Amino acid sequence: MNPYIVLLKPRVIWLLILSSVVGYIYAAQTVDWSKLIALIAVATLAVGGSAAFNHYWERDIDAAMSRTARRPLPAGLIPEFNALVYSLALSAAGITLSFYLLGPLPGLFVALGWFFYAVVYTIWLKRKTWLNILGGGFAGNATFLGGYALGKGTVDLPAVLISFAIYLWIPSHIWALAYKYRHDYRKAGVPMLPAIIDEKKSVVIISILNIASAVYILWLYLAFGQSLLGLALVFAGVAGTVATSILALKEKSDRAMWKMYKASSPILTLFLLALVFS
């Protein structure tokens, strides 16, 4: 894959772009395809730009961790200055176009999403506190709320409640992955939760958070969803997440934690698709 594409973190940002799209479709009475295409383009630029900036800012961390050492910057595939200019150009284009093409309120959420990931998470918190992902997680809320605001023209309580499904899922997902690579994070000096506390405590916290996230998603769909097919999708994701989280609590092993990570990964996607079916 082209290293400039890798900088965008396509395997990560597609879910945030999907949350914007789902927010719009869920809120809009009818889908305006020109608005939807503009939303996808703007989200790709802004979210991809923030991801590329994260690559640039964390290039020393990536070089110190075996999982990330082959990324474009530590591997020397792209000059550092080029990566910085590329990330800022994409970000500026995405934020500017969001106000022009989508309007002030969706544009505000696009800008806030970029700010929470690129500044709050990447610059301010990542290297300083285990709360980093809790601060940066609001970028996930912003993606859904931006799409919702485009579809409805405003943001209401249901939109905020639904957006917190993303917020709760992010730390449970990231910390489960960080548990597997906790030694890498310690070596790099990054205070991710599983790298700084007792391993058994990490398992308990992450597993309970996964269960709480799954239960919250199920409640949201029962409250705001309208499709039996959607409910079936959500229930499948919830069942897999809860079952593997209970297994992790019982075994407290690396194998069980990885099973939980893999099983809980699809639940947010299933929930978002279920909202579309509604």
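Any Cβ shown, glycine's included, is placed from N, Cα and C.
The transmembrane segment feature in Swiss-Prot is assigned to 12-32 (among others); the stated evidence is sequence analysis.
According to Swiss-Prot, the feature transmembrane segment maps to 33-53 (among others). Tertiary proximity for the transmembrane segment (33-53) is limited to same-chain residues at least six positions away from its ends with a CB under 8 Å from its CB atoms, namely 7-9, 12-13, 16-17, 20-21, 24-25, 83-84, 86-95, 97-98, 101-102, 106, 110-111, 113-114, 117-118, 122, 139, 143, 146-147, 150.
Sequence annotations record features per position, and here Swiss-Prot assigns transmembrane segment to 83-103 (among others). Under 8 Å from some Cβ of the transmembrane segment (83-103) lie the Cβ atoms of residues 4, 7-8, 35, 38-39, 41-50, 52-53, 55-56, 59, 72-73, 110-111, 114, 118, 146, 149-150, all in the same chain and six or more residues away from its ends.
Listed by sequence, the residues of this chain that lie at least six past the ends of the transmembrane segment (105-125) yet keep a Cβ under 8 A from its Cβ atoms are 16, 39, 42-43, 46-47, 49-51, 53-54, 57-58, 91, 94-95, 98-99, 131-133, 135-140, 142-143, 145-147, 149-150, 153-155. As annotated by Swiss-Prot, transmembrane segment applies to 105-125 (among others), with the evidence given as sequence analysis.
Sequence-distant contacts of the transmembrane segment (130-150), counting only residues of its own chain at least 6 positions beyond either end whose CB sits under 8 Å from a CB of the stretch, comprise 16-17, 19-28, 35, 39, 43, 47, 50, 98, 102-103, 105-107, 109-110, 112-114, 116-117, 120-122, 124, 159-160, 162-164, 166-167, 169-171, 174-175, 191-193, 196-197. The transmembrane segment feature in Swiss-Prot is assigned to 130-150 (among others).
For the transmembrane segment (157-177), the list of distant contacts is 19, 23, 26-27, 133-134, 136-138, 140-145, 148-149, 192-194, 202, 205-206, 209-210, 212-213, 216-217, 220, 223-224, 257, 260-261, 264-265, 267-268, 271, 275: same-chain residues at least six beyond its ends, Cβ to Cβ under 8 Å. Taken from Swiss-Prot, the feature transmembrane segment applies to 157-177 (among others), supported by sequence analysis.
Marked as transmembrane segment by Swiss-Prot: 204-224 (among others). Residues of the same chain lying 6 or more positions beyond the ends of the transmembrane segment (204-224) and with a Cβ under 8 Å from any Cβ of it are 158, 161-162, 164-165, 168-169, 171-172, 175-176, 179, 193-194, 197, 230-231, 234-235, 237-238, 241-242, 245-246, 248-249, 257, 260, 264, 267-268, 271, 274-275, 278.
Here Swiss-Prot flags 228-248 (among others) as transmembrane segment. A Cβ distance under 8 Å defines the sequence-distant neighbours of the transmembrane segment (228-248), meaning residues of its chain 6+ beyond its ends; these are 203, 206-208, 210-211, 213-215, 217-218, 221-222, 256-257, 259-260, 262-264, 266-268, 270-271, 273-278.
Sequence annotations record features per position, and here Swiss-Prot assigns transmembrane segment to 257-277 (among others) based on sequence analysis.
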